[in-house]
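Peer 1: Sharing the feature lines straight out of TrEMBL:
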- Asp400: active site, 4-aspartylphosphate intermediate (ACT_SITE)
- Asp400, Thr402, Asp773, Asp777: Mg(2+) binding site (BINDING)
- Asp400, Lys401, Thr402, Glu482, Phe524, Lys547, Arg579, Thr659, Gly660, Asp661, Arg746, Lys752, Asn776, Asp777: ATP binding site (BINDING)
- 35-86: domain 'P-type ATPase N-terminal' (DOMAIN)
- 120-191: domain 'P-type ATPase A' (DOMAIN)
- 799-1051: domain 'P-type ATPase C-terminal' (DOMAIN)
- 60-77: transmembrane segment (TRANSMEM)
- 89-106: transmembrane segment (TRANSMEM)
- 286-307: transmembrane segment (TRANSMEM)
- 327-352: transmembrane segment (TRANSMEM)
- 830-851: transmembrane segment (TRANSMEM)
- 863-883: transmembrane segment (TRANSMEM)
- 916-940: transmembrane segment (TRANSMEM)
- 952-971: transmembrane segment (TRANSMEM)
- 978-998: transmembrane segment (TRANSMEM)
- 1027-1047: transmembrane segment (TRANSMEM)
Amino acid sequence: MQESLIDKIEGPNRRSTTLVSANRYVVLPVEGVNMFMKNSISTSKYNAVTFLPKNMMEQFRKIANVYFVIIAVLQSIPDISNSGGVPNILLPLGLVLTISAIKDMLEDRKRKKSDNEENNRKALVRKNASWQTVLWKDIKVGDIVKVIKDEKFPADLVMLSSSDEKGICYIETKNLDGETNLKHKVASKSTQSLYCDEQALDSLRGDIKCEDPNPMIYQFQGVLKLPGGITAASSEQFLLRGSSLKNTDWITGITIYTGHESKIMLNSSQSKVKFSSNEKQMNNQIIYLFFMQLVLCAFCAVFNVSWLSNQKDNATYLELEKANTNIPYNFVVNFFSWMLLFSNFVPISLLVTLEMVKFIQAIFIAWDLDLYFEETDMPAGVQSSNLNEELGQIHYLFSDKTGTLTCNIMEFKKITVNGNSYGTDLHLSSTDKIPHVDFVDSSFDPKHPNNFEFLLHLACCHTIVTEKKDGVIEYKASSPDELALVNAAKFFGFEFIGRDADQNIELKVFGQFYKVSLLNIIEFNSDRKRMTVVIRLPDGRVKVFCKGADTIILPRLLPDATIDKTFQHLENYGKVGLRTLLIASRELSESEYDEWNATFIDAMNDIHYRDKKIAECGERIEIKMNLLGATAIEDRLQDGVPDTIAFLRKAGIKVWVLTGDKIETAINIGFSCNLLTQEMAQLLVTSARTKDVENEVKEALDNLSTLGGKETALIVSGESLLKIRGDLKKIFIKVCERCKVVIACRVSPQQKADIVKMIRDFKPDARTLSIGDGANDVNMITAAHVGVGIAGLEGKQAVRASDYSIAQFSYLKKLLFVHGRECYRRNSTLICFNFYKNVLLVMPLFFYGMFSVFSGQSFYNTWIYQLFNLFFASGPIVIYAVIDKEMDYKKLLSDPVYYKIGLIGELFSTQKFWEWILEAIAQSMFILIVSVFALCDITGMKNTGKIDPMSVAAVMVYGLVVTFVNVKVLLFSYAHTVFSIGVIILSIMSYYFISAIITDWMPINETLDNFDSYGATGMMLSNPNSYIAFIIVIYSGFFWQPMYSFIKVVFERALTNKTSPKDKQSISMSEAINIYEESKEKPDFMKLRRRNFYIDTGYAFSGEAGHAPQLTDPSFFK
C-alpha cells in the first residue's frame, strides 16, 4: 500500500472510494504530553461543579417557578407588599426547588455510579518492558494494551497479535450491536509474526495514520508504518471498546480512540432531561392563567382608581382627602396589590406534590411483583419518575428485535430432504433435548444414504469454534442459526468435534471418527446472502457446500424434480414464522479446483479489492449446484410477546421494529410475534440507489390507495433510509402513517435514533416510546419521549440509559395499560384539581371586591390563608394520586379500549383545564354571596345588636372552600378506604380547629392578625344560618355538574340524530385508537408493481459474517 493514499486526501469533497476520510496521526511511542482525549467517560447529567447551575436551569424551565420568583420580587416592594416587604414566598419555593433537586440528584447518582465502575476497570498496559495494571481512565492513545480472555476492550484498538498462531481472535459484540454470537478478527500477518513475542513490543517504533474519530461502527481504515514495513489496517484488525474477547487467550493492540472519541461513545447520546406532555401542557395553562390574572388585576385597579376619583368628596368617612391623588401611582399600587392577592392562582404546592406523588408511584412500579422476573432476580426499575403519566399516552412504539422480542435462542425444528418434509410441531422431552434442537419426527432416518450428504453439509458448512470445558465440547458461533444447524447435525449423528492445526474438520459420524479437509471458506455477508465452504472428502473428492437464502440459491441450481416440492415446504415453514435456508452442493474436478484456488489466493492477497474479488470467485463455483434440501429454524420469542404486540396494536399504538438484522429474518419474526399476518400486504423499500428508492416510496403510496382498507406493512432497509431526504421524507411519512406496521432492517444505532426523531419532528403531538436491550439501542431509547430498557443477556447499557427498565417485553403491557394509564388518569386529575382548589380559594377575594370597591383588601386571616395547601387541601389528593383504582387491573389488561383516554388526551387538555377553572369561579362566587348575605346582612350579635362582621363571613367562606375541595376529591375518587375518608374528614375538621385557636382561643395579637376576626369562628358556628347556608351551598355547588352532563348528553343526541351515547362513544373510540374493519372488496394485486410489494412466503437465510458491514451514516435525517 502506498502512503500517498492518505497524504493526497484534501478538502471536504472526497470520493467514496477514498481509503481514509480524514487523518489522525499517531507517532509511536507517544512522547511528552498526550494531546488526545482521555479514556474516562461520563454519561451522567451533572457533576459537582455543574449540578447547581444546570439543575436550576432545568427547574426554571418550569413556568410556575419563574412565576413565584416574580411574586417574590413584588413582595419585596413595601408599597404593594402584603407581607411587610418580606418575600416570604421564597421559603416554600426554596423547599420545592430543594426537593426536586434532591430527586434529580438521586436519579443521576445511578449513572454516576455506572461511570465510575467503567472508568475504574483494570487493564494491562506495556510500560518499562513489563505489563502494568492501570485503570481504564488512565489509558492513552498510543498505549499498547493486552486483553485477556473474557475481558472487555478498554478502548478502540488496532490488533497487533493474538495467542492464536494465525492471529485469529473471537469477540462478542452484544454491547454494540445486540448480538450474542461471536465474530472473529484477524491480525495482519506482518504484525502477528513481529509482535507475537512480547519483548518485541518494547522496541516498537513507527506511526499510524487513520481516519479521525467517527461513529461508523463497522468501518475502519488506516495505515501502520512499522519496522516490518507498511501495513494496511481495516475493520478486520479493529477492536471496539465495549466488546469482549472470547475463545482466545490474549491479544495485544495499539490504542487508537479513547473515551468519548471511541466509536461506542460517539454512537451514544448524552443524557438529557425529559418532560412529560402533561408538564408541558401545564406550563401553557399557567401562562394562560397568568394572562387572566393580569386582566383581573387591571380591571380591579381601573375600577378602584375610577371610584376614588369620583367619590373623593363624597365618602368623607374614609378620609380620602389625605390619600395620594396621583392616578398612575394609585393604579400601579392597586394593580400589584391585586397581583399579590392573586398569587395563589398558581399553586406553589403543585410541583412538590407532583414530584412526591410520582416518586411514590415509581416505588409502586418497582414493587409490582407482576413486573418481577424471578429467573434473573430482576424487578422493574424507574430512572425518570417524572414521565409516569407519559406511559399512558404512547402513540408510537419503537422496538429492537434481537433480545427484546426474541430470546436470541434458535431451535432447529424442520427439514426437507429430497422433496420430503420432516419435523412436527411436537416438542422433545427433557431427556432427549439437546441445546438448540427441538426436532420430532420418527420417520426421518439419518442413516439413510440419501440423507448422508445433507447432514454432512450441516456439520461442515459453518464457522463455529469449539471449546472444551470440563471435558465437554461447547460450540461458539458467529451466528445463532449456525449454532442450531451444527447442533442438529450432532443430534442426527454427525457431531462436529473441532478443527485441527491444519484446519481439518473433525467429526464423529455415528460414533466413528471422520476427517474432512477444509480447503476454502467464503463467508456470508449482506450482499452475497450465502456462505460457501470447499472441502475435500476422505475419498479425495472436492465438494462445494453452499447454504443461503432461497432467492439467492434458486438461480444457481441445476433443474431438479424436487425443487417445486422443496419450495412448497419452504412456504409452509414461512407461514408459521420459521427461518429457512436452502442447502446445495457441487462436486469439482481436481483441475477445476486448482484453477479456481489460484484465483482465490490472488483475491485474498489483494488488500484493496479483496471483498469484491472474493465475491467474484464465489460466483464462479456457486453455479450448477444440486439441491440437497432446506432447513427451518425457530427463533424462540420471549413469553407473551405475540399477545402483547396484538394488544398494543388493538389499543391503537403503532408498532415499529428497528433492527440490525436481515430483512427476511425480521419479517419472519414479525409473523411469529403477531406483528405481521398472512392477510397483511407488504410494501418494500429496499433499494440502494436514490432514484430507485424514490420510485419505491412513491409506488408504495400508490399501492396503498389501490389496497383500500387492507392492512399493510412497510419494510424498509437502512440503506434505503439513507437516501430518503427532503420532500421524499414527507411522502415516506405519509406511507408510514397509513401502514399498520413498519419494520426497518439493517439499521445502525444512529439510524434508529434518527427514525424516532423523524416521527417526533413530523408528529409533534404524538408520544413515542423506544424499547431495547443492548448498547446499540441506547440512541433510540434516549431519542424517544419514553425509553424502556430490557435487562436481558446483552448487558445493562440500555437499562442505564433508559427511563424505565423491565426484564421481559411482555411486561410492557402492564407498564403501559395499568401503571401508565392510571398514572395519566390520576396525575391529570391532580394537576387540574390543584389549580381548581386554588382558584376556588382566591376568587372570593375578587368577588369580595364588590363590597370593598376593589381596593385590594385582604379577606382571610394571613396565617390560615398560608396553611391552605399545607394542611387543609393536600392530604386527600395525594392519597388519591397514589392509591386510587378506577377498576380491577385485570379489566384494564383484558380490553385495550380503556387506554384511549391517554391517546386522545381526554383528561388533560386546554378545554378540560378551563372547565375545572370555570367551575371553581362559579362555585367561589356562589360561596361568597351566600356566606355574606346569610351572615352579614340578616343576623348579628344579640348583646350589641350589631350585624356579624365580614370576618365571620370570611371564616365561613374559607370553611366552605375547604369542604368543597375535600368533598370534590371524595366524589371523583373510585377507591375509598377508611384511611382516605379519615384523611378527608381530618382535613376539614383541622381547619375549624386551627381557626378557633387563632381567632377565639389565642389572645389578640398583631402577629396573629386576629384583631378584626377575634371570636369569628365561634360566632359562625353558633349561628343557625351557617348550617342552612352550608347545606344549600354544598348541595347546589355539586348538583350542577350531573345536571350539566345530562344536558350535554341530550344536546349531543339531538345533534347526532338521536345516536345513543354508547354508539357515539364507540365511534369516537374507534377513531381514536385507529381500529377499522377490513374492506370486503379485494384489490387486484396483479396490477401492483411487484418490485416493492408482495405477500410474504417466509423465506429467510442464515449465517453471519465475522464483521459484516452495516449502515451507520449519522447524517441520516439530519
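Glycine is no exception: its Cβ is also placed from the backbone N, Cα and C atoms.
Curation does not apply to TrEMBL; its annotations are automatic.
Values in this document were obtained by computation on a predicted structure and should not be read as measured data.
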Peer 1: Could you check the binding-site residues Asp773, Asp777 and say which one's CB has the most other CB atoms within 10 Å?
Peer 2: Asp777
Peer 1: Measuring Cα to Cα, how many angstrom lie between Phe524 (ATP binding site) and Thr402 (Mg(2+) binding site)?
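Peer 2: The separation of the Cα atoms works out to 19 Å.
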Peer 1: Could you tell me what the rest of the chain brings near the transmembrane segment (952-971), counting residues at least six beyond its ends with Cβ under 8 Å?
Peer 2: 833, 836-837, 840-841, 844, 859-861, 864-865, 868, 872-873, 876-877, 880, 923-924, 927-928, 931-932, 934-936, 981, 984, 987-988, 991-992, 995, 999, 1013, 1016-1017, 1019-1020, 1023, 1026, 1029-1030, 1033-1034, 1037-1038
Peer 1: Using the alpha carbons only, what distance in Å do you get between Asp773 (Mg(2+) binding site) and Gly660 (ATP binding site) once rounded?
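Peer 2: The separation of the Cα atoms works out to 13 Å.
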Peer 1: Please report the distance from the Cα of Gly660 (ATP binding site) to the Cα of Asp777 (Mg(2+) binding site), rounded to the nearest angstrom.
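Peer 2: Taking the Cα atoms only, Gly660 (ATP binding site) lies 10 Å from Asp777 (Mg(2+) binding site).
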Peer 1: Considering only Cβ pairs within less than 8 angstroms, which of the stretches 863-883, 916-940, 978-998 has the most against the transmembrane segment (830-851)?
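Peer 2: It is 916-940 that shares the most Cβ pairs under 8 Å with the transmembrane segment (830-851).
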Peer 1: Using only the Cα atoms of Asp400, Lys401, Thr402, Glu482, Phe524, Lys547, Arg579, Thr659, Gly660, Asp661, Arg746, Lys752, Asn776, Asp777, which the record gives as binding ATP, return the largest interatomic distance in Å, rounded to a whole number.
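Peer 2: This binding site's residues have a maximal Cα-Cα distance of 30 Å.
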Peer 1: Rank 60-77, 89-106, 327-352, 916-940 by Cβ pairs under 8 Å to the transmembrane segment (863-883) and hand me the top one.
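Peer 2: Maximum Cβ contact count belongs to 327-352.
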Peer 1: Ranking 89-106, 327-352, 978-998 by the number of C-beta pairs under 8 Å to the transmembrane segment (60-77), which range is first?
Peer 2: 327-352
Peer 1: At a C-beta cut-off of under 8 Å, are there same-chain residues at least 6 beyond the transmembrane segment (89-106) that contact it? List them, or none.
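Peer 2: For the transmembrane segment (89-106), the far contacts come to 45-46, 51, 55-56, 58-59, 65, 68-69, 71-72, 75, 343, 348-349, 351-352, 355-356, 359, 385.
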Peer 1: Report, as numbers and ranges, which residues of the same chain sit near the transmembrane segment (327-352): CB under 8 Å and 6 or more residues beyond its ends.
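Peer 2: Contacts of the transmembrane segment (327-352) (Cβ under 8 Å, skipping residues fewer than 6 from its ends): 62, 64-65, 67-68, 71, 74-75, 77, 79-83, 89, 92-93, 95-96, 99-100, 286, 289-290, 292-294, 296-298, 300-302, 304-305, 308-309, 831, 834-835, 837-839, 841-842, 845-846, 854-856, 858, 868-870, 874.
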Peer 1: For a three-state summary based on DSSP, what are the helix, strand and coil counts in the domain 'P-type ATPase N-terminal' (35-86)?
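Peer 2: Looking at the domain 'P-type ATPase N-terminal' (35-86) with DSSP, the answer is 22 helix, 0 strand, 30 coil.
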Peer 1: May I have the DSSP-based helix, strand and coil counts for the residues of the domain 'P-type ATPase A' (120-191)?
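Peer 2: Grouping H, G, I as helix and E, B as strand yields 10 helix, 35 strand, 27 coil.
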Peer 1: Of all the binding-site residues here, Arg579, Arg746, which one's CB has the most other CB atoms within 10 A?
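Peer 2: Highest number of other Cβ atoms within 10 Å: Arg579.
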Peer 1: Give me the mean pLDDT over the domain 'P-type ATPase A' (120-191), rounded to a whole number.
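Peer 2: That stretch averages a pLDDT of 87.
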Peer 1: CA-CA, which of the recorded positions Asp400, Thr402, Asp777 lies nearest Arg579 (ATP binding site)?
Peer 2: Thr402
Peer 1: Consider the binding-site residues Arg746, Asn776, Asp777 and say which one has the Cα lying nearest the Cα of the residue listed as 'active site, 4-aspartylphosphate intermediate'.
Peer 2: Asp777
Peer 1: Taking Thr402, Asn776 as the binding-site residues to compare, which has the smallest set of other Cβ atoms within 10 Å?
Peer 2: Thr402
Peer 1: Taking just the CA atoms, what is the gap between Thr402 (Mg(2+) binding site) and Asn776 (ATP binding site) in Å?
Peer 2: 11
